[in-house]
Amino acid sequence: MNLSTKQHFQKAEREGYAIGQFNVSTADQIKAIMKVAVKLKSPVIFGTSEGERDFLGVREAVKLCEAYEEETGLPIILNADHTKSADKVEEALKAGYNSIHFDGSELDYEENIKQTKYVVQMCARFSPDISVEGELGHLAGVSKIIKEKVEIKPEYYTDPAQAADFVARTGVDRMAIIIGNSHGISIDEPKLDIERLAQSYTLLKGKAVIVLHGGSGIPDDQIQASIQNGIRKINVNTELRAAFHDTLKKVLDETDETTPYKYLVSAMDAMGNVVDNKIMLFGSANKA
Ligand code: 13P
């Protein structure tokens, strides 16, 4: 039976696993990730930030996903990651995205509620099946290898009671929270506040699923603890970028190969290996 986008997250909640969001900006990344998702029979989320989808093309991203869905029978969720304006939400919806992350976390609390609620209503008008994610707290860092310390101040963390209020007042399906996570891989090992997550889970269970951004560089045991305490979607970008980049650089440095479909294969496979490990860790294999 084909599940709707929202039902995929409900199934993850019922069965206690997380679905990986893998950020992409090129067709070969999508191809490499699909190869692994098919092998592991896992549902998959492709995340495209505003910059990533401006490069790939919103219609192109949708059409590629549709083609892979038809060809493989595997469910694909295409998420407009960190979308900062209603115009950009509308652009993604019109192209056919089935998932929206509206990121109003830089706004003040009431303005974040107002704009997120507007987006939730806009998405519902497009289709009742579009799953919407909101965000609260401050997510530090950027999706790259950061060769210094990334400070995560106490005020960056999401307050569980405020997250519950935010969900009730906006109607979002998913809630991105900050519990010590940040974008990118810095020199410090992340330390997730699992106790704070557990408090959010108690308040949000059955109302919205909880999302962990900044999934790169977090030790496996902390990822497992986060899933045990309610995380149902985990975003990964930097580890994919690094695997692709480092392998491609090595191949180009070491060979004279000029044919893209030859020199890209190792980079795609290296990135695929990261995805394979994440899907196994997140528990979404055989859940498609
Ligand atoms: P990382 O780059 O740290 O994996 O974070 C990705 C992310 O959260 C995308 O929204």
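Including glycine, each Cβ sits where the backbone N, Cα and C put it.
Copied from TrEMBL, the annotated features are:
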type     : residues                                                       : note
ACT_SITE : ASP81                                                          : active site, proton donor
BINDING  : HIS82, HIS183, HIS213                                          : Zn(2+) 1 binding site
BINDING  : ASP103, GLU135                                                 : Zn(2+) 2 binding site
BINDING  : GLY184, GLY214, GLY215, SER216, ASN235, VAL236, ASN237, THR238 : dihydroxyacetone phosphate binding site
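Positions of TrEMBL features highlighted on the structure.
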{"residue": "ASP81", "record": "active site, proton donor", "Cβ neighbours (10 Å)": "25"}
{"residue": "HIS82", "record": "Zn(2+) 1 binding site", "Cβ neighbours (10 Å)": "25"}
{"residue": "ASP103", "record": "Zn(2+) 2 binding site", "Cβ neighbours (10 Å)": "24"}
{"residue": "GLU135", "record": "Zn(2+) 2 binding site", "Cβ neighbours (10 Å)": "26"}
{"residue": "HIS183", "record": "Zn(2+) 1 binding site", "Cβ neighbours (10 Å)": "21"}
{"residue": "GLY184", "record": "dihydroxyacetone phosphate binding site", "Cβ neighbours (10 Å)": "20"}
{"residue": "HIS213", "record": "Zn(2+) 1 binding site", "Cβ neighbours (10 Å)": "29"}
{"residue": "GLY215", "record": "dihydroxyacetone phosphate binding site", "Cβ neighbours (10 Å)": "28"}
{"residue": "SER216", "record": "dihydroxyacetone phosphate binding site", "Cβ neighbours (10 Å)": "27"}
{"residue": "VAL236", "record": "dihydroxyacetone phosphate binding site", "Cβ neighbours (10 Å)": "25"}
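Taking the Cβ of GLY214 (dihydroxyacetone phosphate binding site) as reference, residues of its chain lying under 8 Å away and at least six apart in sequence are, in sequence order, LEU139, GLY141, ASN181, SER182, HIS183, GLY184, PRO190, ASN235. For the binding-site residues ASP103, VAL236, THR238, a Cα to Cα distance of within 10 angstroms from HIS213 (Zn(2+) 1 binding site) holds for VAL236. Proximity of the binding-site residues (ASP103, GLU135, GLY214) to ligand 1: a Cβ under 6 Å from the molecule is found for GLY214.
As a whole number, the greatest separation of Cα atoms within the dihydroxyacetone phosphate-binding residue list GLY184, GLY214, GLY215, SER216, ASN235, VAL236, ASN237, THR238 is 11 Å.
Long-range neighbours of ASN237 (dihydroxyacetone phosphate binding site) (same chain, six or more residues apart, CB within less than 8 Å of its CB): PHE22, ASN23, GLY47, SER143, HIS183, GLY215, SER216. Taking the Cα atom of each, THR238 (dihydroxyacetone phosphate binding site) and ASP103 (Zn(2+) 2 binding site) are about 19 angstrom apart.
Using the Cβ center of GLY184, GLY214, GLY215, SER216, ASN235, VAL236, ASN237, THR238 for dihydroxyacetone phosphate, the list of other same-chain residues with Cβ within 8 Å runs, in sequence order, ASN23, SER143, HIS183, ILE185, HIS213, GLY217, GLU239. The Cβ of THR238 (dihydroxyacetone phosphate binding site) has 22 other Cβ atoms within 10 Å, all protein chains considered.
VAL236 (dihydroxyacetone phosphate binding site) falls within a strand when secondary structure is assigned with DSSP. Each of SER49, ASP81, ASP103, LEU139, SER143, ALA176, GLY214, ASN235, ASN237 belongs to the same chain as HIS82, HIS183, HIS213, is absent from that list, and has a C-beta within 8 angstroms of the C-beta centroid marking the Zn(2+) 1 site. Across the structure, ASP103 (Zn(2+) 2 binding site) and ASP81 (active site, proton donor) place their CA atoms 8 angstrom apart.
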